[in-house]
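Visitor: Input: one structure, supplied below.
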Amino acid sequence: MSLLLEPSPTMIKEQKMYRDMGLTDEEFAMIERILGRLPNYTETGIFSVMWSEHCSYKNSKPVLKKFPTEGKHVLQGPGEGAGIVDIGDGLAVAFKIESHNHPSAIEPYQGAATGVGGIIRDVFSMGARPIALLNSLRFGELTSPRVKYLFERVVAGIAGYGNCVGIPTVGGEVQFDAAYEGNPLVNAMCVGVIRHEDIQKGIASGVGNTVMYVGAKTGRDGIHGATFASEELTEQSEQKRPAVQVGDPFMEKLLLEACLEVIHCDALVGMQDMGAAGLTSSSAEMASKAGSGIELNLDLVPQRETGMTPYEMMLSESQERMLLVVKKGREQEIMDVFSKYGLEAKAIGRVTDDHMLRLYHRGEVVAEIPVDALAKDAPVYHKPSQEPAYYREFQTMEYVPTVDNYEETLLALLSQPTIASKEWVYEQYDYMVRTNTVVAPGSDAAVLRIRGTNKALAMTTDCNSRYVYLDPEVGGKIAIAEAARNIVCSGAQPLAVTDCLNFGNPEKPEIFWQLEKAVDGMSEACRILETPVISGNVSLYNETNGEAIYPTPIVGMVGIVEHVDHITTQAFKQPGDLIYIIGEAKQEFGGSELQKWLTGRIFGKAPTIDLHVEVKRQQQLLTAIRAGVVASAHDVSEGGLAVALAECVMSAQGLGARVEMKGDVVAELFSETQSRFIVSVKKEHQQMFERLVQAVRIGEVTNDGTLHVTAEDTCILHVPVETMRNVWKGAIPCLLKSKD
């Protein structure tokens with residue numbers, strides 16, 4: 001589109017063309033008042049992306065304020081590219097999780113790949129070297145041809161990008177439920193390490209300083225990507241494929257290394273990724289944070305397509321681009337660094353003192369907007385909230401299953417895609433590149449050593465969205481608690497949280513109620529577990545033709561292993577070790593894998609959780625691990641104790657377990673009661689372990705390669721470990737190969 005063909009401000013208003021960009025009538029009227037005139041086409045587009053939910057959090061901001069964001073280790077909370085936490089020795093860890101759901105539903109390979117690329121840039125824009133990637137994925141049932149296609153292409157996209165950049169993908173989770181049939185979730189997390197003195201911020205300060213553009217040239221891909229991410233998916237969404245960006249991981253690698261070198265150059269003032277809303281968001285946000293203004297000459301923006309308009313250049317979300325602010329007169333120093341990597345750093349503007357975003361094109365001013373109106377003063381909506389009818393109904397329902405054949409039930413649960421081995425997924429990822437990975441994918445948390453120290457980092461992503469659906473507040477608490485449980489089982493102290501809040505349309509009161517209650521639960525858990533929220537992302541409008549996903553607040557958590565000797569895994573270690581269970585089982589089957597397998601649906605009450613009990617048990621276990629008396633540790637989660645035991649023996653080689661159950665055997669084996677751990681201990685450490693931890697001994701590790709469970713001196717389950725392993729490992733590959 002040429003400038004001559006762009007609609008006039010009057011046409012935009014009279015024909016309500018702004019609605020197609022995602023703006024409401026009231027918002028357009030606000031823009032008129034802010035500018036004191038009608039906005040032109042470029043300005044309307046700029047407001048539309050910056051006031052989208054994806055960029056402004058206009059629907060979720062009142063809820064997000066509930067999160068605790070400060071703590072003794074926090075160096076940088078929400079508001080920058082990533083949060084940062086101190087880990088001692090002058091080092092810090094930077095991390096963040098973000099969604100790329102809508103693009104992945106339309107073009108799964110590039111949608112997932114560019115999600116990885118974007119989160120990597122968020123971390124290295126802070127000055128941190130990315131050391132690990134994780135992801136949290138949700139798909140519909142794996143029996144659907146469409147779901148198989150999305151699953152295979154999303155995993156390929158994550159692998160293709162991460163492997164090429166050379167950052168190990170070390171962990172994550174994949175779950176399958178019909179609620180995600182039309183709207184998969186692709187949440188990507190990146191973790192980086194940084195020295196305190198190298199921390200950068202995305203600010204445009206210093207009047208007269210130069211604004212520089214670095215990285216890939218600007219094309220028309222991703223235009224209105226932020227707006228696209230702020231609306232429901234429909235049958236027409238497939239036509240918006242151009243809104244999905246295309247990534248180049250080799251360019252990303254060069255950009256990463258160049259940016260990590262340039263942070264040591266005194267000429268650099270600030271640096272930010274051109275992510276959602278591209279050049280618009282990076283320039284406006286950097287100026288707003290600094291209390292300055294910014295002028296850009298769009299004729300100087302590197303373009304890979306001819307005839308691009310200001311609207312297209314400002315709204316493009318082409319990947320692998322960074323915006324830098326550099327001290328005036330020292331541009332050559334910056335250019336020399338990037339030139340070493342075959343990259344061009346180009347001056348495209350300057351910092352001003354008038355708090356305006358001013359754009360020039362062909363010698364004319366084509367946009368003039370107050371930066372705070374874009375970056376800080378978007379409208380904020382306090383949406384109505386209403387408890388859904390299903391929730392009241394579920395609170396009155398009791399579900400107590402009957403199990404006739406324990407072996408058949410365990411093998412059936414191990415074959416459920418959500419529980420089954422994800423080896424098919426993570427074997428496509430290079431999780432050992434850079435050789436720092438100590439605990440690879442498949443355990444409670446991934447663990448990476450920190451070179452030059454005796455410390456290590458544990459990291460995980462977690463959320464059982466079924467629990468959040470049944471009871472958002474309780475489910476929110478459990479999401480935080482389970483993440484911390486996984487960190488502790490690895491021998492680490494939980495430090496902080498990054499979250500990705502994936503929900504449906506917030507304009508529906510029942511959906512907003514889910515969001516509000518989930519955040520209430522998460523916030524309470526974060527306060528009690530002392531894990532502040534330091535970064536995150538909100539992804540709303542996850543609906544397909546009016547049907548919402550399960551509310552899915554993904555929790556990314558990082559913990560510190562004070563000494564590598566404390567690193568613990570779930571695998572049983574040697575015959576004769578004693579097996580303990582921490583925590584008692586209750587008849588809690590709402591949202592459980594057993595309920596889904598037996599009934600084909602999810603209903604009833606979510607498991608309860610006492611956060612003070614949770615903290616006490618985690619602290620006791622971590623103390624025992626640090627005392628060197630724990631051989632293995634694993635949390636009891638999906639599928640209950642039976643599945644947890646199976647995972648402990650399947651993770652070992654040639655070992656088995658003999659366990660005695662007492663009380664309600666179905667609840668003991670298959671209930672998903674919270675705050676429970678399965679631990680193995682050497683016999684010589686028995687007394688010290690029992691002094692440190694309240695736990696019940698239930699059996700011991702054997703060398704016969706079977707899982708043997710008795711109740712009242714009667715064998716109720718006797719399964720060869722190899723049989724379990726074959727079912728568990730083969731489930732997902734078999735489903736992918738099956739013809740529907």
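Using N, Cα and C of the backbone, Cβ positions are placed for all residues, glycine too.
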Visitor: Given that Swiss-Prot annotates SER99, HIS100, ASN101, HIS102, ARG121, GLU317, SER318, GLN319, SER539 as binding substrate, state which candidate in GLN245, GLN395, GLN618 belongs to that site as well.
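Guide: For the substrate site that includes SER99, HIS100, ASN101, HIS102, ARG121, GLU317, SER318, GLN319, SER539, Swiss-Prot also lists GLN245.
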Visitor: To which of LYS13, LYS16, LYS96 does Swiss-Prot also attribute binding of ATP at the site defined by TYR57, ASP499, GLY536?
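Guide: Swiss-Prot names LYS96 for this ATP site.
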Visitor: Three-state secondary structure of ASP122 (Mg(2+) 2 binding site) from DSSP?
Guide: helix
Visitor: My understanding is the cutoff is Cβ-Cβ under 8 Å with a sequence separation of 6 or more in the same chain; which residues meet that for GLN319 (substrate binding site)?
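Guide: In sequence order, the residues whose Cβ lies under 8 Å from that of GLN319 (substrate binding site) (at least 6 apart) are THR114, GLY117, GLY118, ALA216, ASP221, GLY222, GLN245, VAL246, GLY247, ASP248, MET251, GLU252.
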Visitor: Let's check the environment of ARG121 (substrate binding site): how many other CB atoms sit within 10 Å of its CB?
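Guide: Its Cβ shell of radius 10 Å holds 28 other Cβ atoms.
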Visitor: Could you check what DSSP calls ASP273 (Mg(2+) 2 binding site) once collapsed to helix, strand or coil?
Guide: strand
Visitor: List, in sequence order, the residues of the same chain other than TYR57, LYS96, ASP499, GLY536 whose Cβ lies within 8 Å of the centroid of the Cβ atoms of the recorded ATP site.
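Guide: The surrounding set, listed in chain order, is LEU64, PRO78, ILE97, GLU98, THR498, CYS500, LEU501, VAL533, SER535, ASN537, VAL538.
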Visitor: With every protein chain in view, how many other Cβ atoms are within 10 Å of the Cβ of GLU317 (substrate binding site)?
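Guide: Here the count is 30.
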